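Colleague: Quick one: structure below, then a few questions.
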Amino acid sequence: MAARGRVAAFNLPPLPTVGEIIKLFRLQAQKQLSQNFLLDLRLTDKIVRQAGKLKNAHVCEVGPGPGGITRSILNADVEQLLLVEKDPRFIPGLQMLSEAAPGKVRIVHGDILTFKMEKAFPKHLKKNWEDEPPNIHIIGNLPFSVSTPLIIKWLENVSKKNGPFIYGRTQMTLTFQKEVAERLTANTGGKQRSRLSIMSQHLCTVENRFVIPGQAFVPKPEVDVAVVHFTPLVQPKIQQPFELVEKVVRSAFQFRRKHCFRGIETLFPESERLKKTEELMMAADVDPTLRPFQLSMSHFRNLCNTYRKMCEEDPSLFAYDYREELKQKKRQHLPKSTSQTEQTEEEN
């Protein structure tokens, strides 16, 4: 019995195991949706612990599936849990969990990529951006097929302080393929340094917390999985619009094995490419013979700041699209130079 005046911690009542739920509702992971179930509640508890203290917190779980992580979140004594699930086969099992935790669970059958997170939580939870993060968390074992586009979307939301970040610096605890997690957290010079490294680290503190071996999942994926924690920074390391930063970073990594000027020059039309590239590299004080993965955050900051000034001087510059220029040349059947026929090595 709880001590007088103290509210007892919430615990779920006895329920069928996650494995039994899968059998009961005849659930099978769909390969085309890159679904993998995590049945070991010790591991789901460990994932949830990476989010920090969740007592009385408001949590959104992305893609709860059969509800393994969902149980661990509820047992952490959260105030409210929002479940966003795209696959209708999982809804009945999630409703069973909702009934076991009266008043705590709200289930949305929808796609997290289009779900309006601005209205997901009560307004009174909002905090100023400079304050400590709000008592709001996003947690999810993300399908591999959606993890990269989703984190890019949320990073854009961080930059613009909208979506789930309209409430402040909302923290995220998410799973990724181990290789993607290594890209997200790679340091300057690391072999996994990539567009994702810069886009995430200039906006957030990004931590690779631990790795889950593939055999822990059903069905077993061909790769291991890592749990990554994101906390938005009060001030981004590159204080330029998201679209501009992404364009510069994407261009830089177009040819990741070549000198960085090869990618940077794709920011400019062919007619003035050499001149403008030299101007940008010199003004930004970046060695053009460095490889893209050798560029530091300060290098990218200088490149973005200088490119912004160049765009202000020539407003048509930002609208220029290197790939569109290539397409037009192909349509016109013009002779192709070496630089136009090279395949880009930009990551997907």
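Every residue, even glycine, has its Cβ placed from backbone N, Cα and C.
Annotation source TrEMBL lists S-adenosyl-L-methionine binding site at N36, L38, G63, E85, D111, N141. TrEMBL lists 43-234 with the feature domain 'Ribosomal RNA adenine methylase transferase N-terminal'. If you look up TrEMBL, you'll see 328-348 marked as region 'Disordered'.
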Colleague: I'd like the number of other C-beta atoms within 10 A of the C-beta of N36 (S-adenosyl-L-methionine binding site), please.
Modeller: 20
Colleague: If you count Cβ atoms within 10 Å of the Cβ of G63 (S-adenosyl-L-methionine binding site), leaving out that atom itself, what do you get?
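Modeller: I count 23 other Cβ atoms within 10 Å of it.
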Colleague: Quick one, of the binding-site residues E85, D111, which Cβ has the fewest other Cβ within 10 Å?
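Modeller: Selected from the binding-site residues E85, D111 on minimum Cβ neighbours within 10 Å: D111.
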Colleague: Check each residue in the chain of L38 (S-adenosyl-L-methionine binding site) that is at least six apart in sequence and keep those whose C-beta is under 8 Å from its C-beta; list them in sequence order.
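Modeller: Looking at Cβ-Cβ distances below 8 Å from L38 (S-adenosyl-L-methionine binding site), excluding near sequence neighbours, one finds T44, I47, G68, I69, N141, I212, A216, F217, V218.
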Colleague: Run through the Cβ atoms and count how many others sit within 10 Å of the one on N141 (S-adenosyl-L-methionine binding site).
Modeller: 26
